[in-house]
(Lines of atoms letter the chains of each structure in order from A; the text may use other names.)
(Lines give C-alpha, C1' and ligand atoms only; values in the text may rest on other atoms or scores of the structure.)
Protein backbone atom coordinates (compact mmCIF):
# COMPACT_ATOMS: atom_id res chain seq x y z
CA UNK A 1 0.00 0.00 0.00
CA UNK A 2 3.03 2.30 0.19
CA UNK A 3 2.72 4.91 -2.57
CA UNK A 4 -1.05 4.40 -2.73
CA UNK A 5 -1.61 6.09 0.63
CA UNK A 6 0.70 8.92 -0.36
CA UNK A 7 -1.29 9.40 -3.56
CA UNK A 8 -4.63 9.18 -1.78
CA UNK A 9 -3.49 11.56 0.95
CA UNK A 10 -2.38 14.09 -1.64
CA UNK A 11 -5.61 13.70 -3.61
CA UNK A 12 -7.68 14.10 -0.46
CA UNK A 13 -5.79 17.26 0.48
CA UNK A 14 -6.41 18.78 -2.93
CA UNK A 15 -10.07 17.81 -2.72
CA UNK A 16 -10.36 19.57 0.64
CA UNK A 17 -8.65 22.72 -0.64
CA UNK A 18 -10.89 22.75 -3.68
CA UNK A 19 -13.91 22.39 -1.42
CA UNK A 20 -12.96 25.43 0.64
CA UNK A 21 -12.46 27.58 -2.44
CA UNK A 22 -15.76 26.42 -3.87
CA UNK A 23 -17.67 26.98 -0.64
CA UNK A 24 -18.22 30.62 -1.47
CA UNK A 25 -19.62 29.68 -4.85
CA UNK A 26 -21.81 26.62 -4.46
CA UNK A 27 -22.60 24.45 -1.41
CA UNK A 28 -23.14 21.38 -3.60
CA UNK A 29 -19.53 21.49 -4.71
CA UNK A 30 -18.43 21.19 -1.12
CA UNK A 31 -20.44 18.02 -0.67
CA UNK A 32 -19.00 16.53 -3.86
CA UNK A 33 -15.44 17.35 -2.89
CA UNK A 34 -15.81 15.97 0.62
CA UNK A 35 -17.47 12.88 -0.79
CA UNK A 36 -14.55 12.35 -3.15
CA UNK A 37 -12.12 12.80 -0.27
CA UNK A 38 -13.98 10.25 1.84
CA UNK A 39 -14.11 7.76 -1.02
CA UNK A 40 -10.38 8.05 -1.70
CA UNK A 41 -9.64 7.53 1.97
CA UNK A 42 -11.92 4.50 1.99
CA UNK A 43 -10.08 3.03 -0.98
CA UNK A 44 -6.76 3.53 0.76
CA UNK A 45 -7.56 1.95 4.07
CA UNK A 46 -10.06 -0.71 3.08
CA UNK A 47 -7.78 -2.23 0.46
CA UNK A 48 -10.48 -1.77 -2.19
CA UNK A 49 -7.99 0.15 -4.32
CA UNK A 50 -5.93 -3.02 -4.67
CA UNK A 51 -8.81 -4.78 -6.36
CA UNK A 52 -8.36 -2.52 -9.34
CA UNK A 53 -4.63 -1.80 -9.24
CA UNK A 54 -1.58 -3.79 -8.15
CA UNK A 55 -0.45 -2.92 -4.63
CA UNK A 56 2.74 -3.71 -2.77
CA UNK A 57 1.88 -5.98 0.15
CA UNK A 58 5.16 -6.10 2.04
CA UNK A 59 3.54 -8.23 4.72
CA UNK A 60 2.58 -10.97 2.22
CA UNK A 61 3.94 -14.33 3.37
CA UNK A 62 5.72 -16.71 1.03
CA UNK A 63 4.03 -20.00 0.20
CA UNK A 64 7.18 -22.12 0.48
CA UNK A 65 5.33 -25.27 -0.60
CA UNK A 66 4.21 -23.59 -3.82
CA UNK A 67 7.75 -22.37 -4.55
CA UNK A 68 9.12 -25.86 -3.90
CA UNK A 69 6.51 -27.40 -6.20
CA UNK A 70 7.25 -24.89 -8.96
CA UNK A 71 10.99 -25.50 -8.79
CA UNK A 72 10.68 -29.29 -8.72
CA UNK A 73 8.06 -29.45 -11.48
CA UNK A 74 9.49 -26.87 -13.87
CA UNK A 75 13.27 -26.89 -13.40
CA UNK A 76 15.07 -29.94 -14.78
CA UNK A 77 18.48 -31.32 -13.84
CA UNK A 78 19.23 -28.59 -11.30
CA UNK A 79 19.04 -30.19 -7.85
CA UNK A 80 21.55 -27.70 -6.43
CA UNK A 81 19.74 -24.60 -7.68
CA UNK A 82 16.39 -25.96 -6.49
CA UNK A 83 17.72 -26.69 -3.01
CA UNK A 84 19.66 -23.45 -2.51
CA UNK A 85 17.04 -21.09 -3.95
CA UNK A 86 14.27 -22.66 -1.88
CA UNK A 87 16.40 -22.36 1.25
CA UNK A 88 17.55 -18.81 0.50
CA UNK A 89 14.20 -17.29 -0.48
CA UNK A 90 12.23 -19.07 2.27
CA UNK A 91 14.72 -18.09 4.97
CA UNK A 92 14.79 -14.50 3.77
CA UNK A 93 11.00 -14.11 3.64
CA UNK A 94 10.56 -15.73 7.05
CA UNK A 95 12.88 -13.11 8.57
CA UNK A 96 10.69 -10.14 9.53
CA UNK A 97 13.70 -7.91 10.05
CA UNK A 98 16.49 -8.85 7.60
CA UNK A 99 19.79 -7.02 7.99
CA UNK A 100 20.37 -6.69 4.24
CA UNK A 101 18.78 -7.35 0.88
CA UNK A 102 18.85 -10.93 -0.41
CA UNK A 103 21.37 -11.19 -3.25
CA UNK A 104 21.62 -14.28 -5.46
CA UNK A 105 24.13 -14.76 -8.27
CA UNK A 106 23.09 -17.46 -10.77
CA UNK A 107 25.76 -18.93 -13.05
CA UNK A 108 25.83 -21.43 -15.89
CA UNK A 109 25.65 -21.79 -19.65
CA UNK A 110 22.71 -20.49 -21.68
CA UNK A 111 19.60 -22.65 -21.61
CA UNK A 112 20.23 -24.22 -18.21
CA UNK A 113 17.35 -22.42 -16.49
CA UNK A 114 18.71 -19.20 -14.95
CA UNK A 115 16.12 -16.89 -16.53
CA UNK A 116 13.40 -19.43 -15.85
CA UNK A 117 14.28 -19.58 -12.17
CA UNK A 118 14.27 -15.79 -11.83
CA UNK A 119 10.77 -15.86 -13.33
CA UNK A 120 9.64 -18.54 -10.85
CA UNK A 121 11.03 -16.56 -7.90
CA UNK A 122 9.39 -13.37 -9.14
CA UNK A 123 6.00 -15.08 -9.54
CA UNK A 124 6.17 -16.48 -6.02
CA UNK A 125 7.02 -13.10 -4.50
CA UNK A 126 4.66 -11.02 -6.66
CA UNK A 127 1.70 -12.82 -8.34
CA UNK A 128 2.08 -10.98 -11.67
CA UNK A 129 5.67 -12.16 -11.96
CA UNK A 130 7.70 -10.34 -14.61
CA UNK A 131 4.63 -8.24 -15.46
CA UNK A 132 4.47 -6.89 -11.90
CA UNK A 133 5.18 -3.23 -11.26
CA UNK A 134 7.46 -4.41 -8.46
CA UNK A 135 9.67 -6.75 -10.49
CA UNK A 136 12.28 -4.93 -12.52
CA UNK A 137 14.77 -5.84 -15.23
CA UNK A 138 18.08 -3.98 -15.41
CA UNK A 139 17.95 -0.35 -16.53
CA UNK A 140 19.60 2.70 -14.94
CA UNK A 141 21.10 1.38 -11.73
CA UNK A 142 21.00 3.75 -8.77
CA UNK A 143 18.17 6.06 -9.81
CA UNK A 144 16.12 3.11 -11.03
CA UNK A 145 16.61 1.05 -7.85
CA UNK A 146 16.05 3.97 -5.47
CA UNK A 147 12.80 4.96 -7.18
CA UNK A 148 11.37 1.46 -7.24
CA UNK A 149 12.25 0.51 -3.65
CA UNK A 150 10.67 3.74 -2.40
CA UNK A 151 7.43 2.46 -3.97
CA UNK A 152 7.74 -1.14 -2.75
CA UNK A 153 10.25 -2.35 -0.17
CA UNK A 154 9.96 -5.97 -1.38
CA UNK A 155 10.87 -5.15 -4.98
CA UNK A 156 12.73 -7.77 -7.03
CA UNK A 157 15.58 -6.66 -9.33
CA UNK A 158 16.85 -9.00 -12.06
CA UNK A 159 20.14 -8.26 -13.83
CA UNK A 160 20.40 -10.40 -16.96
CA UNK A 161 23.61 -11.01 -18.96
CA UNK A 162 25.88 -9.75 -16.20
CA UNK A 163 28.85 -11.01 -18.21
CA UNK A 164 28.15 -8.26 -20.79
CA UNK A 165 28.24 -5.52 -18.16
CA UNK A 166 31.35 -3.34 -18.09
CA UNK A 167 33.59 -4.13 -15.07
CA UNK A 168 32.95 -1.85 -12.11
CA UNK A 169 29.48 -0.66 -13.12
CA UNK A 170 27.61 -3.06 -10.85
CA UNK A 171 29.46 -1.70 -7.80
CA UNK A 172 27.27 1.40 -8.09
CA UNK A 173 24.53 -0.55 -6.32
CA UNK A 174 26.77 -1.69 -3.45
CA UNK A 175 25.12 0.64 -0.86
CA UNK A 176 21.74 -0.99 -1.55
CA UNK A 177 23.09 -4.49 -0.83
CA UNK A 178 25.12 -3.57 2.24
CA UNK A 179 24.17 -3.79 5.92
CA UNK A 180 22.86 -0.22 6.17
CA UNK A 181 19.57 0.39 7.95
CA UNK A 182 18.75 3.07 5.38
CA UNK A 183 20.36 4.77 2.40
CA UNK A 184 19.13 8.34 1.85
CA UNK A 185 16.11 7.62 4.02
CA UNK A 186 15.12 4.40 2.23
CA UNK A 187 15.52 0.83 3.54
CA UNK A 188 16.55 -1.81 1.00
CA UNK A 189 16.68 -4.70 3.45
CA UNK A 190 13.58 -6.47 2.14
CA UNK A 191 14.48 -6.20 -1.56
CA UNK A 192 15.75 -9.12 -3.64
CA UNK A 193 18.58 -8.83 -6.19
CA UNK A 194 19.21 -11.60 -8.73
CA UNK A 195 22.23 -11.63 -11.06
CA UNK A 196 22.22 -13.90 -14.13
CA UNK A 197 25.50 -14.74 -15.84
CA UNK A 198 27.13 -17.24 -18.18
CA UNK A 199 30.42 -16.56 -16.40
CA UNK A 200 31.68 -19.59 -14.51
CA UNK A 201 29.95 -22.00 -16.87
CA UNK A 202 33.29 -23.60 -17.75
CA UNK A 203 34.09 -24.20 -14.06
CA UNK A 204 30.66 -25.72 -13.44
CA UNK A 205 30.94 -27.97 -16.49
CA UNK A 206 34.41 -29.17 -15.48
CA UNK A 207 33.18 -30.15 -12.02
CA UNK A 208 30.16 -31.97 -13.47
CA UNK A 209 32.41 -33.73 -15.98
CA UNK A 210 34.85 -34.79 -13.26
CA UNK A 211 31.99 -36.39 -11.35
CA UNK A 212 30.74 -38.14 -14.49
CA UNK A 213 34.18 -39.51 -15.39
CA UNK A 214 34.59 -40.75 -11.82
CA UNK A 215 31.34 -42.68 -12.19
CA UNK A 216 29.49 -40.46 -9.71
CA UNK A 217 25.94 -39.14 -10.15
CA UNK A 218 25.41 -35.44 -10.77
CA UNK A 219 23.01 -35.43 -7.81
CA UNK A 220 26.05 -36.07 -5.59
CA UNK A 221 27.45 -32.63 -6.45
CA UNK A 222 27.01 -30.31 -3.48
CA UNK A 223 27.14 -26.54 -3.22
CA UNK A 224 30.44 -26.75 -1.35
CA UNK A 225 31.99 -28.44 -4.41
CA UNK A 226 31.35 -25.35 -6.51
CA UNK A 227 30.50 -22.19 -4.59
CA UNK A 228 33.99 -21.10 -3.49
CA UNK A 229 35.53 -22.02 -6.85
CA UNK A 230 32.74 -20.14 -8.60
CA UNK A 231 33.02 -16.97 -6.51
CA UNK A 232 36.81 -16.81 -6.97
CA UNK A 233 36.52 -17.62 -10.68
CA UNK A 234 33.91 -14.92 -11.28
CA UNK A 235 35.87 -12.40 -9.19
CA UNK A 236 38.95 -12.96 -11.38
CA UNK A 237 37.07 -13.10 -14.68
CA UNK A 238 37.30 -9.76 -16.52
CA UNK A 239 34.19 -10.67 -18.52
CA UNK A 240 31.93 -11.65 -15.62
CA UNK A 241 30.54 -8.21 -14.76
CA UNK A 242 31.77 -8.92 -11.21
CA UNK A 243 35.50 -8.67 -11.90
CA UNK A 244 37.20 -7.46 -8.70
CA UNK A 245 33.77 -6.33 -7.54
CA UNK A 246 33.25 -4.99 -4.05
CA UNK A 247 30.05 -7.03 -3.92
CA UNK A 248 32.19 -10.18 -3.75
CA UNK A 249 35.09 -8.67 -1.83
CA UNK A 250 32.73 -7.44 0.91
CA UNK A 251 30.75 -10.71 0.82
CA UNK A 252 27.46 -9.02 -0.08
CA UNK A 253 26.35 -11.80 -2.44
CA UNK A 254 24.55 -14.33 -0.26
CA UNK A 255 24.69 -17.30 -2.63
CA UNK A 256 26.55 -18.20 -5.81
CA UNK A 257 24.22 -20.71 -7.40
CA UNK A 258 25.60 -23.07 -10.08
CA UNK A 259 23.39 -24.31 -12.91
CA UNK A 260 24.70 -27.63 -14.19
CA UNK A 261 24.91 -28.38 -17.92
CA UNK A 262 21.90 -30.39 -19.11
CA UNK A 263 22.12 -33.97 -20.33
CA UNK A 264 20.15 -35.73 -23.06
CA UNK A 265 17.48 -36.92 -20.60
CA UNK A 266 16.94 -33.36 -19.37
CA UNK A 267 16.47 -32.07 -22.90
CA UNK A 268 13.75 -34.71 -23.40
CA UNK A 269 12.08 -33.51 -20.19
CA UNK A 270 12.09 -29.96 -21.57
CA UNK A 271 10.49 -31.14 -24.83
CA UNK A 272 7.72 -32.95 -22.94
CA UNK A 273 7.09 -29.88 -20.76
CA UNK A 274 6.85 -27.64 -23.83
CA UNK A 275 4.37 -30.03 -25.47
CA UNK A 276 2.17 -29.96 -22.38
CA UNK A 277 2.43 -26.17 -22.21
CA UNK A 278 1.09 -26.02 -25.77
CA UNK A 279 -1.79 -28.29 -24.85
CA UNK A 280 -0.49 -31.14 -27.02
CA UNK A 281 -0.35 -34.81 -26.12
CA UNK A 282 3.22 -35.97 -25.46
CA UNK A 283 4.53 -37.88 -28.46
CA UNK A 284 7.67 -39.76 -27.44
CA UNK A 285 8.75 -40.20 -31.06
CA UNK A 286 8.81 -36.43 -31.53
CA UNK A 287 10.47 -35.98 -28.12
CA UNK A 288 13.33 -38.24 -29.23
CA UNK A 289 13.65 -36.62 -32.65
CA UNK A 290 13.88 -33.10 -31.17
CA UNK A 291 16.44 -34.23 -28.56
CA UNK A 292 18.49 -36.00 -31.24
CA UNK A 293 18.73 -32.78 -33.24
CA UNK A 294 20.56 -31.03 -30.40
CA UNK A 295 24.36 -30.93 -30.33
CA UNK A 296 26.28 -32.23 -27.31
CA UNK A 297 29.75 -31.84 -25.81
CA UNK A 298 32.55 -32.69 -25.01
CA UNK A 299 33.46 -33.93 -28.45
CA UNK A 300 34.35 -37.42 -27.23
CA UNK A 301 31.67 -38.16 -24.64
CA UNK A 302 28.82 -35.95 -25.98
CA UNK A 303 27.15 -35.68 -22.58
CA UNK A 304 25.88 -32.12 -22.30
CA UNK A 305 23.64 -30.06 -24.57
CA UNK A 306 25.61 -27.03 -25.77
CA UNK A 307 22.45 -24.90 -25.76
CA UNK A 308 20.70 -26.50 -22.83
CA UNK A 309 16.97 -26.34 -23.56
CA UNK A 310 17.18 -22.91 -25.19
CA UNK A 311 16.20 -24.00 -28.72
CA UNK A 312 13.62 -26.64 -27.78
CA UNK A 313 10.67 -24.31 -28.37
CA UNK A 314 11.75 -23.31 -31.88
CA UNK A 315 12.73 -26.86 -32.89
CA UNK A 316 9.42 -28.26 -31.71
CA UNK A 317 7.68 -25.85 -34.04
CA UNK A 318 8.82 -27.94 -37.01
CA UNK A 319 6.76 -30.96 -35.88
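Even glycines carry a Cβ here, placed using N, Cα and C.
On a predicted model such as this, the values are computed, not experimentally measured, just so you know.
The ATP binding site annotation in TrEMBL covers 108, 109, 110, 111, 112, 113, 114, 115. As annotated by TrEMBL, domain 'Torsin-1A C-terminal' applies to 262-319. Sequence annotations record features per position, and here TrEMBL assigns signal peptide to 1-24.
Take the mean position of the Cβ atoms of 108, 109, 110, 111, 112, 113, 114, 115, the recorded ATP site; other residues of that chain with a Cβ within 8 Å of it are 116, 198, 259, 308, 310. A simple way to gauge crowding: the CB of residue 114 (ATP binding site) has 25 other CB atoms within 10 angstroms, across all the protein chains here. For the binding-site residues listed here (108, 111), the lowest count of other CB atoms within 10 A around the CB belongs to 111.
On the 0 to 100 pLDDT scale, the domain 'Torsin-1A C-terminal' (262-319) averages 95 in this prediction. Ranking the binding-site residues 112, 115 by C-beta neighbours within 10 Å puts 112 at the top.
Summarised by DSSP class, the composition of the domain 'Torsin-1A C-terminal' (262-319) is 29 helix, 5 strand, 24 coil.
Sequence-distant neighbours of residue 110 (ATP binding site) (same chain, 6+ apart, CB under 8 A from its CB) are 198, 307, 308, 310. Taking every protein chain shown into account, 109, 113 are the binding-site residues, and of these the Cβ with the most other Cβ atoms within 10 Å belongs to 113.
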